[in-house]
Amino acid sequence: MGARRVVLLADLDYFYSQAEELRNPSMRGKPVVVCVYSGRTEESGVVATANYEARKYGVRSGMPIALAKKRLSGADPVFLPVDFPYYKEVSERVIGIMKEYSDQLEQVGLDEAYLDVSNRVEDFAEAEQLAKEIKRRVLQEAGLKLTIGVGPNKIIAKMASDAAKPDGLMVIRPENVEEFISPLPVDKIPGVGKKTAERLERMGIKTIKDLAQFDPVRLVDEFGESLGAHLHAASRGEDEDPVRGRAEAGSMSRIITLKENTKDLKAVLPKVDEICEEIHERAVREGVLFRTIGIIAITSDLGIKTRTKSLPAPTDDLGTLKRESSELVKKFLQSTDKEIRRIGVHISDFTRREKGQRTLSGYI
DNA sequence: TAAGTTAATTCCC
DNA sequence: TTAGGGAATTAACTTA
Ligand SMILES: Nc1ncnc2c1ncn2[C@@H]1O[C@H](COP(=O)(O)OP(=O)(O)OP(=O)(O)O)[C@@H](O)[C@H]1O
Ligand SMILES: [Mg+2]
């Protein structure tokens with residue numbers, strides 16, 4: 001029961017930029033920056049990712065495009081818009097190769113996958129050889145570099161990969177877990193983001209060593225049963241979370257940036273209608289019915305607000321989608337004084353539309 | 001009081 | 001100071 005595991009985390013290096021270099025190899029050696037343009041002004045938007053040539057100049061994911069341009073002036077950079085369908089295609093080729101190495105594969109986003117190889121290897125030395133083979137094959141057959149972390153669980157595999165990138169391989173055996181994690185800052189623990197790291201810092205906890213020495217009862221007190229226990233276990237390098245395949249896509253969303261911030265419902269509703277039409281078209285094309293409708297509003301202070309409503313029955317009716325989305329936006333604007341910067345619509349709680357299935361359409 | 005449902009948030013890529 | 005996807009937690013409410 002709960003036999004010791006060998007878990008591997010494979011993470012493609014600077015993925016979107018690397019995919020672009022694959023499509024156009026003449027860009028290799030130059031800084032390549034993949035951008036999400038918002039359309040508000042000519043250059044508004046952020047960097048999705050940048051290759052390591054660009055990172056040398058301090059360019060990072062999430063950085064405004066204008067700042068990246070400034071940092072790269074004179075460095076002969078290439079700026080490209082994101083192309084999700086292409087990255088998805090490239091990703092599928094890579095995941096296909098990895099699936100040959102374990103039937104326990106958990107994909108995370110487009111560029112990462114956990115593999116539980118406990119049944120395929122005898123020890124960590126063998127896992128290291130397997131990881132080398134995966135790296136070799138992904139490079140030969142898909143043309144991409146990646147980093148692999150190997151450990152006794154998902155958290156350690158992930159932290160090993162983070163420490164080894166780019167084009168790296170790091171194996172952390174159980175007996176080396178403590179020395180590996182102790183000196184690292186707490187925000188290197190997967191699941192500890194900005195908010196949690198700030199709270200820990202206020203409690204005087206900066207490194208994982210600090211966290212390991214802290215009274216677990218007080219952690220649970222502070223952070224609740226789940227996060228408190230997770231923090232304590234992680235500080236000791238322990239993590240039982242299994243590698244498991246993820247379900248098919250269960251939601252669709254589309255969010256846009258408005259030309260100008262507004263609190264005027266009449267200015268937002270036409271956009272909401274357009275977004276609903278796009279999402280509806282995709283839902284019908286993919287044959288899904290949705291039972292939950294939501295809106296996402298990013299306010300001028302960049303706060304993220306969501307409002308959702310569950311329907312009495314699944315539907316794919318456009319009128320219902322538009323009515324409910326509009327209603328949620330209207331109620332949101334009535335509940336606040338803030339201006340809206342970005343607006344989006346979200347559908348979820350899918351069931352597949354079976355042949356000839358009918359729905360309660362257009363209910364009120 | 002327990003169990004299910006709904007809505008909002010936090011965190012991940 | 002972006003987009004689109006996912007998992008998990010938690011609080012509040014409903015129902016049995
Ligand atoms: N803030 C972001 N906004 C939009 N897309 C992002 C953002 N951060 C990461 N991504 C996209 O997700 C992909 C995977 O993210 P990840 O954190 O693995 O970084 P990466 O670009 O692959 O770099 P590396 O893994 O070498 O550090 C990236 O290629 C990237 O383009
Ligand atoms: Mg990556």
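Cβ coordinates are placed from backbone N, Cα and C, and glycine is handled just like the others.
Because TrEMBL annotations are produced automatically, they should be read as predictions rather than curated entries.
What TrEMBL says about this one:
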type     : residues          : note
ACT_SITE : A:Glu112          : active site
BINDING  : A:Asp11, A:Asp111 : Mg(2+) binding site
DOMAIN   : A:7-193           : domain 'UmuC'
SITE     : A:Tyr16           : site 'Substrate discrimination'
DSSP three-state call for A:Asp11 (Mg(2+) binding site): helix, strand or coil?
strand
A:Asp111 (Mg(2+) binding site) and A:Tyr16 (site 'Substrate discrimination'), Cα-Cα, nearest whole angstrom:
9
Which residues of the same chain, at least 6 positions away in sequence, have a Cβ lying under 8 Å from the Cβ of A:Asp11 (Mg(2+) binding site)?
A:Asp111, A:Glu112, A:Leu146, A:Thr147, A:Ile148, A:Gly149, A:Ser161, A:Lys165
With DSSP assignments reduced to helix, strand and coil, which class does A:Asp111 (Mg(2+) binding site) get?
coil
